[in-house]
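Student: Here it is: the structure, laid out below.
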Amino acid sequence: MHSKVTIICIRFLFWFLLLCMLIGKSHTEDDIIIATKNGKVRGMNLTVFGGTVTAFLGIPYAQPPLGRLRFKKPQSLTKWSDIWNATKYANSCCQNIDQSFPGFHGSEMWNPNTDLSEDCLYLNVWIPAPKPKNATVLIWIYGGGFQTGTSSLHVYDGKFLARVERVIVVSMNYRVGALGFLALPGNPEAPGNMGLFDQQLALQWVQKNIAAFGGNPKSVTLFGESAGAASVSLHLLSPGSHSLFTRAILQSGSFNAPWAVTSLYEARNRTLNLAKLTGCSRENETEIIKCLRNKDPQEILLNEAFVVPYGTPLSVNFGPTVDGDFLTDMPDILLELGQFKKTQILVGVNKDEGTAFLVYGAPGFSKDNNSIITRKEFQEGLKIFFPGVSEFGKESILFHYTDWVDDQRPENYREALGDVVGDYNFICPALEFTKKFSEWGNNAFFYYFEHRSSKLPWPEWMGVMHGYEIEFVFGLPLERRDNYTKAEEILSRSIVKRWANFAKYGNPNETQNNSTSWPVFKSTEQKYLTLNTESTRIMTKLRAQQCRFWTSFFPKVLEMTGNIDEAEWEWKAGFHRWNNYMMDWKNQFNDYTSKKESCVGL
């Protein structure tokens with residue numbers, strides 16, 4: 001009798017446990033399938049640091065911009081009836097691939113890792129498990145000079161952030177190059193800024209859908225690096241974006257950088273040049289676009305590089321422009337007038353922002369040696385990075401950046417050219433943006449990233465390079481299998497915590513007493529925080545001398561001596577010819593009148 005009772009108990013226990021497992025399994029599966037406004041999506045569970053993160057990869061957020069939709073603003077998506085399988089990254093947008101250093105991880109880690117296609121408007125969502133209620137959302141916008149980039153890179157994996165800080169991470173693909181930014185201003189067939197409108201539509205998707213994933217649409221922080229940071233700053237200016245996010249983080253980029261925004265004249269000129277190069281020159285603008293729409297995307301990509309009369313390693317051949325829609329006026333004017341979203345911002349730069357670009361064409365520079373250059377090579381480098389600047393303008397840069405204490409030491413010229421490129425293109429614009437923004441009473445926090453990753457594949461002389469804070473922001477060093485040092489793990493943990501705190505509360509400071517308190521950046525004191533593996537410090541007025549040169553002195557030099565951009569090249573050549581004709585005519589007229597006077601009285 002006793003054994004029968006035991007068997008019954010065991011059977012009951014077996015079926016009870018089986019039922020619990022089935023209930024648990026179906027519960028997990030229910031959590032993985034989420035109903036969006038357009039239809040259901042299926043994600044997948046990932047094991048991260050002994051816990052779980054649910055990833056939804058490759059969710060469509062717009063109609064594929066194919067055929068007649070090429071060069072147009074993105075169109076809203078229609079509904080689907082089946083369950084969308086969001087378990088792998090989608091296509092990357094069409095772009096040129098960096099083939100400068102074949103097989104070298106340092107450059108190839110930034111190349112797209114999924115198929116290239118015009119059908120590329122997809123986004124990714126990482127959510128902590130169990131599904132949160134009202135979690136803060138961080139939306140990543142990748143860099144790549146508006147010419148390249150994709151959300152599926154390993155370095156942009158949102159699972160660590162989601163797991164460690166219980167935030168929701170979102171990233172989207174947006175169109176780049178001519179397919180994303182070609183513009184005939186005023187023409188609805190190619191209005192320009194399509195890539196920015198892609199981003200904006202993804203932000204709208206988050207507002208409509210993130211609650212279903214456990215996110216809070218009223219707590220959304222944008223963060224991006226390089227052109228991604230410039231994009232974030234443009235969303236601060238664009239009235240159509242203001243209601244779609246709460247706060248902003250800008251890593252190594254801002255809209256006032258010299259590469260970030262293209263003038264209307266130049267944007268139009270480049271479109272016409274592309275039309276010429278692809279055999280699409282027509283009298284009628286709409287016919288030009290019609291012809292370009294019928295071209296293979298590869299043909300457009302191949303000709304993109306040749307639309308400017310001169311190029312630099314930082315050339316943005318097709319980028320944001322003032323279209324009267326996304327951007328209502330020149331960004332500098334909008335900033336000056338205070339016409340931007342009033343909110344908290346976190347901004348920063350890396351110690352050696354310029355070095356990454358030197359190995360892409362500056363004389364004497366190579367990733368395979370110490371790149372010790374001469375004064376002459378420094379001058380040649382200035383010609384490459386400042387092709388439209390007068391000789392006097394280049395001379396003023398040379399004078400300001402020469403170390404006159406030891407002007408014969410070759411290492412000084414190598415470092416000086418890196419500083420020139422970094423200060424002019426990244427550090428000083430970011431500081432100036434933060435100063436202007438904070439003058440309107442907004443809390444701003446500024447960082448200076450000083451740590452060179454132990455895993456950096458580029459040579460030692462390149463220092464703390466552009467783009468190499470990203471892995472610390474996304475928490476990659478927390479994955480011990482990746483063999484970062486213990487100090488790097490601690491640094492990354494601190495950065496992740498500060499970024500998440502800023503996103504949640506508008507203040508990056510940690511609650512623990514042992515961490516350095518990050519002060520608010522004000523235009524007077526300009527306090528900033530250094531980020532490194534040794535001792536975090538509070539400093540003031542980063543690169544004040546150099547930035548005063550770029551913001552105050554250099555523009556005056558250009559004004560007095562002429563800074564010739566591509567639009568002016570043609571105009572000045574035409575004016576020069578006209579001036580010669582006029583002088584010739586005047587000389588002949590003077591000659592005629594003098595002869596006439598000498599004839600009087602004969």
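Just so you know, glycine gets a Cβ as well, placed from its N, Cα and C.
Source: prediction; values computed, not measured.
So Swiss-Prot lists these for the protein:
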{"type": "SIGNAL", "residues": "1-28", "note": "signal peptide"}
{"type": "CARBOHYD", "residues": "Asn45", "note": "N-linked glycosylation site"}
{"type": "CARBOHYD", "residues": "Asn85", "note": "N-linked glycosylation site"}
{"type": "DISULFID", "residues": "Cys93-Cys120", "note": "disulfide bond"}
{"type": "BINDING", "residues": "Trp110, His466", "note": "tacrine binding site"}
{"type": "CARBOHYD", "residues": "Asn134", "note": "N-linked glycosylation site"}
{"type": "BINDING", "residues": "Gly144, Gly145", "note": "substrate binding site"}
{"type": "ACT_SITE", "residues": "Ser226", "note": "active site, acyl-ester intermediate"}
{"type": "MOD_RES", "residues": "Ser226", "note": "phosphoserine"}
{"type": "CARBOHYD", "residues": "Asn269", "note": "N-linked glycosylation site"}
{"type": "DISULFID", "residues": "Cys280-Cys291", "note": "disulfide bond"}
{"type": "CARBOHYD", "residues": "Asn284", "note": "N-linked glycosylation site"}
{"type": "ACT_SITE", "residues": "Glu353", "note": "active site, charge relay system"}
{"type": "CARBOHYD", "residues": "Asn369", "note": "N-linked glycosylation site"}
{"type": "DISULFID", "residues": "Cys428-Cys547", "note": "disulfide bond"}
{"type": "ACT_SITE", "residues": "His466", "note": "active site, charge relay system"}
{"type": "CARBOHYD", "residues": "Asn483", "note": "N-linked glycosylation site"}
{"type": "CARBOHYD", "residues": "Asn509", "note": "N-linked glycosylation site"}
{"type": "CARBOHYD", "residues": "Asn513", "note": "N-linked glycosylation site"}
{"type": "CARBOHYD", "residues": "Asn514", "note": "N-linked glycosylation site"}
Student: Measure the Cβ-based neighbour count of Asn45 (N-linked glycosylation site), defined as the other Cβ atoms within 10 Å of its Cβ.
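Tutor: The Cβ of Asn45 (N-linked glycosylation site) has 14 Cβ neighbours within 10 Å.
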Student: Work through the recorded positions one by one (Gly144, Ser226, His466) and name whichever has its CA nearest to the CA of Asn284 (N-linked glycosylation site).
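Tutor: Sorting the recorded positions by distance from Asn284 (N-linked glycosylation site), the top entry is Gly144.
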Student: According to DSSP, does Asn369 (N-linked glycosylation site) fall in a helix, a strand, or coil?
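Tutor: In three-state terms, Asn369 (N-linked glycosylation site) counts as coil.
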Student: When the Cα of Asn369 (N-linked glycosylation site) is compared with the Cα of each of the recorded positions Trp110, Gly144, Gly145, Ser226, Glu353, which one is closest?
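Tutor: Nearest listed residue in space: Glu353.
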Student: In which DSSP state, out of helix, strand and coil, do we find Cys120 (disulfide bond)?
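Tutor: DSSP assigns Cys120 (disulfide bond) to coil.
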Student: Judged by the number of other CB atoms within 10 angstroms, which among Asn269, Asn514 is the least packed of the glycosylation sites?
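Tutor: Sparsest of the glycosylation sites Asn269, Asn514 by Cβ contacts within 10 Å: Asn514.
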Student: List, in sequence order, the same-chain residues at least six positions removed whose CB sits under 8 Å from that of Cys280 (disulfide bond)?
Tutor: Leu274, Ile288, Cys291, Leu292, Lys295
Student: Counting other CB atoms within 10 A of each CB, which of the disulfide-bonded residues Cys93, Cys120, Cys291, Cys547 comes out lowest?
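Tutor: Taking Cys93, Cys120, Cys291, Cys547 as the disulfide-bonded residues, the minimal 10 Å Cβ count falls on Cys291.
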Student: Take the C-alpha atoms of His466 (tacrine binding site) and Glu353 (active site, charge relay system) and report the distance between them in angstrom, rounded.
Tutor: 5
Student: Let's check the environment of Asn284 (N-linked glycosylation site): how many other CB atoms sit within 10 Å of its CB?
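Tutor: The answer is 8.
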Student: Going by C-alpha distance, which of the recorded positions Asn85, Gly145, Asn483, Asn514, Cys547 is nearest to Trp110 (tacrine binding site)?
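Tutor: The answer is Gly145.
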Student: For Glu353 (active site, charge relay system), write down the residues of its own chain that are at least 6 apart in sequence and whose Cβ falls under 8 Å from its Cβ; none is a fine answer.
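Tutor: Same-chain residues close to Glu353 (active site, charge relay system) (Cβ under 8 Å, separated by 6 or more) are Ser252, Val421, Gly422, Asp423, Asn425, Phe426, Ile427, Met465, His466.
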